Amino acid sequence: MTVVYFDWLDYLVFGTMLLLSALIGVYFAFFAAKKQNTTAEYLMGGKTMGIFPISMSLIASYVSGISLLGLPAEMYTYGTQLWAIVVSEWIVSLTISIVYLPVFYNLQINSSYEYLRLRFNQNVRLLGSIIFIIKMLLYIPIVIYVPALAFSQVTGINLHMITPIVCVVCIFYTTLGGLKAVVWTDALQTILMYFGVIFVLIYGTLRLGGFQEVMRINEQGDRLEFFNMDINPTIRHTFWTTVFGNYFSWLAACSVNQAMIQRCLALSSLRKARITIFIMAAGIFTIVSLCCYTGLVIYATFATCDPLSIGAIRKSDQLLPYFVMTITGSIPALPGIFMSGVFSAALSSMSTGLNSLCGVIFEDLIRPTYNKPISERTASFIMKIIVVVIGFICVALVFLVEHMGALIQAGKSLAGITAGSLLGLFTMGLFLPWINATGALVGGITSTLLVGWISLGTQAAMLRGEIVVVPKPLDVSGCADNFTLHFSTTSDSTVEFDRSGTFFLYRVSYLYYTFIGMAVCTITGAVVSYFTQPNDPSMIHRDLLTPVIHRWLPPQNIHCRRPRLTQHDIELQAREMELLNLRTAYMNDKDDNGLDNEIILTGNKNIFS
């Protein structure tokens with residue numbers, strides 16, 4: 001097959017997507033009715049955002065280019081067991097809406113880590129913020145690298161030339177337009193992402209002869225595997241790792257993540273936030289399933305001529321762009337639409353990360369250090385500087401990413417370093433009122449260091465060749481004769497991890513990292529609290545604890561102070577202010593027109609009832 005590169009129409013489609021993204025940022029910065037020059041507008045969109053753009057933004061944020069490229073490569077190389085992660089995503093959405101969201105929405109906080117200060121103290125809040133910053137600095141470079149890798153494959157341009165261009169566009173509209181620009185750009189990019197994936201998927205399926213033929217070829221190639229019920233934790237993917245292990249990974253990514261909290265609090269009611277969560281779950285279920293099925297289509301296409309074996313591509317994560325260019329490259333503008341979808345997923349994840357990092361750094365690290373209030377104009381300027389600086393730091397870190405293994409495993413492994421400790425901190429705060437600040441602090445630090453050691457040690461062992469992830473059988477019998485075989489394509493081994501004496505924890509599936517981190521954080525926090533005077537549960541205000549456990553708690557102590565105004569208080573005060581303004585307006589109108597106040601109040605009594 002002859003590889004086809006971008007033509008002028010593909011570049012035009014791709015350039016139009018980048019231009020529209022930039023123009024959205026310009027609009028919200030200079031032409032929108034409400035400018036992004038206050039903290040509430042820049043970080044929360046004035047708390048007046050609608051369900052549609054927030055839902056699309058969440059889908060785009062959590063389905064990055066890592067998923068679009070990594071999931072098909074995973075299905076092609078290792079089979080379909082990872083597809084089972086969609087089961088846990090529904091359960092997580094239900095957990096968020098019942099357990100976590102009511103607490104955060106009631107408190108109305110700008111940073112999710114402000115909760116840690118209200119529940120514990122400033123030191124625990126600082127720990128949570130620092131862990132989150134580390135997490136995003138590990139994650140965003142992978143998000144940037146993904147589209148650069150794909151674009152390099154379809155254009156032949158060096159990925160190190162592409163990376164700065166991607167980042168400058170993203171930094172530009174994120175800096176200028178704040179949350180509203182990020183959300184509406186995400187909505188546009190989500191539509192492009194779905195369109196690109198669906199079009200390629202349908203064309204590839206029809207070309208092979210239909211869905212049944214795709215599944216037949218994959219069954220012959222031993223790709224179909226959904227119920228590997230082996231409980232061995234060192235097997236990379238089983239039903240238990242993809243459902244149970246991924247439940248905690250996804251819970252950490254959504255329930256206590258600044259990006260999620262920031263967007264849910266941008267809505268005007270808890271009901272709307274819950275609806276948005278379930279729309280997001282449906283959207284992610286759909287796009288993940290489409291990406292996984294795309295991997296089956298790619299395998300069915302190259303079942304007898306593996307492009308990685310013959311050197312047509314360098315890494316398995318280039319399979320999808322290679323498939324697009326070789327199979328559908330002759331269709332006008334389709335490669336450009338596909339790359340727009342991949343870039344859209346990456347840009348949305350990066351912009352969300354930058355906006356969330358900006359909020360956490362400003363609210364948790366910068367604002368507390370000021371001895372006097374920060375003006376809204378100064379705050380807006382500081383936040384924009386933060387976005388620019390963090391953006392360019394992430395660009396510099398991209399050069400480390402290309403030395404990692406498969407993107408899905410690398411991304412989840414690095415995320416697991418911080419996800420478990422963050423989930424543990426919030427879980428202790430919401431569910432275990434007797435755990436004190438000292439316990440939370442020690443638990444968070446211990447968890448981060450332990451999982452960091454496991455994750456980095458595993459990556460190092462894989463680079464040294466001590467841990468080998470054996471792919472499914474590959475075949476080159478249908479290729480032309482003029483190629484060089486780059487590695488052995490046959491293996492009788494069905495064991496995914498080499499049991500050659502490597503340290504046990506290095507061999508544990510990466511999908512368990514978050515669970516391990518949360519368990520270590522919680523157990524350590526409970527033990528330390530026990531020996532350092534645990535809290536009196538009656539002195540921890542109910543607003544700081546999930547409603548799920550309220551019925552089992554002792555009566556609230558009358559001296560326990562409310563942490564801050566609840567959402568009900570905020571809405572009540574807003575209504576009272578509105579009524580006061582109406583009364584003032586009527587009184588002024590009476591003075592101007594000489595009307596009797598009693599008549600006005602009587603005639604308009606329904607307004608004040």
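Cβ atoms here come from the backbone N, Cα and C positions, even for glycine.
What TrEMBL records for 12-30 (among others) is transmembrane segment.
Taken from TrEMBL, the feature transmembrane segment covers 51-70 (among others).
If you look at the transmembrane segment (82-105), the same-chain residues 6 or more away from its ends with a CB under 8 A from one of its CBs are 71, 74-75, 112, 115, 226, 237, 239, 242-244, 246-247, 250-251, 254-256, 260-261, 264-265, 270, 273-274, 277-278, 280-281, 284-285, 288-289, 292, 408, 426, 430, 543-548, 567. Annotated transmembrane segment per TrEMBL: 82-105 (among others), in sequence order.
The transmembrane segment feature in TrEMBL is assigned to 126-151 (among others).
The transmembrane segment annotation in TrEMBL covers 157-179 (among others).
Among the features that TrEMBL reports, transmembrane segment is placed at 191-209 (among others).
Taken from TrEMBL, the feature transmembrane segment covers 237-256 (among others).
Counting only same-chain residues 6+ beyond the ends of the transmembrane segment (277-302), those with a CB under 8 A from a CB of the stretch are 51, 55-56, 58-59, 62-63, 67-68, 71-76, 80, 82-83, 85-86, 89-90, 92-93, 96-97, 101, 190, 193-194, 197-198, 200-201, 204-205, 207-208, 213-215, 217-218, 221, 223, 264, 319-320, 323, 327. Under the heading transmembrane segment, TrEMBL lists 277-302 (among others).
Taken from TrEMBL, the feature transmembrane segment applies to 322-347 (among others). Here the transmembrane segment (322-347) has long-range neighbours at 1-6, 9-14, 17-18, 21, 60, 63-65, 67-69, 143-144, 146-147, 150-151, 153-154, 166, 169-170, 185, 188-190, 192-197, 199-200, 203-204, 207, 297-298, 301-302, 307, 312-313, meaning same-chain residues at least 6 beyond its ends whose C-beta is under 8 angstroms from one of its own.
Marked as transmembrane segment by TrEMBL: 413-432 (among others).
Within its own chain, the transmembrane segment (439-456) is flanked in space by residues 116, 120, 123-124, 127-128, 131, 413-414, 416-418, 420-422, 424-425, 428-429, 505-506, 508, 510, 513, 516-518, 520-530, 532, 534, which lie at least six positions past its ends and keep a Cβ under 8 Å from the stretch. According to TrEMBL, the transmembrane segment annotation covers 439-456 (among others).
If you look up TrEMBL, you'll see 510-532 (among others) marked as transmembrane segment.
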Other parts of the chain folded back onto the transmembrane segment (51-70), taken as Cβ under 8 Å at six or more residues beyond its ends: 142-143, 146-147, 149-150, 182-184, 186-187, 189-191, 193, 197, 253-254, 259-260, 263-264, 266-267, 272, 275-277, 279-280, 283-284, 287-288, 291, 317-321, 341-346, 348-349, 352, 406-408, 411
Among the ranges 12-30, 237-256, 413-432, 510-532, the one whose Cβ pairs under 8 Å to the transmembrane segment (157-179) are most numerous: 12-30
Tertiary contacts of the transmembrane segment (413-432), as residues 6+ beyond its ends and Cβ separation under 8 Å: 99-100, 103, 115-116, 119-120, 124, 127-128, 131-132, 134-135, 138-139, 142, 248-249, 251-253, 255-256, 439-440, 443-445, 447-448, 451-452, 455-456, 458-459, 510, 513-522, 525-526, 544-546, 548-549
Other parts of the chain folded back onto the transmembrane segment (510-532), taken as Cβ under 8 Å at six or more residues beyond its ends: 233, 236-237, 241-242, 244-246, 248-249, 251-252, 409, 412-413, 415-421, 423-425, 427-428, 432, 434-436, 438-440, 442-444, 446-448, 450-451, 454-455, 458
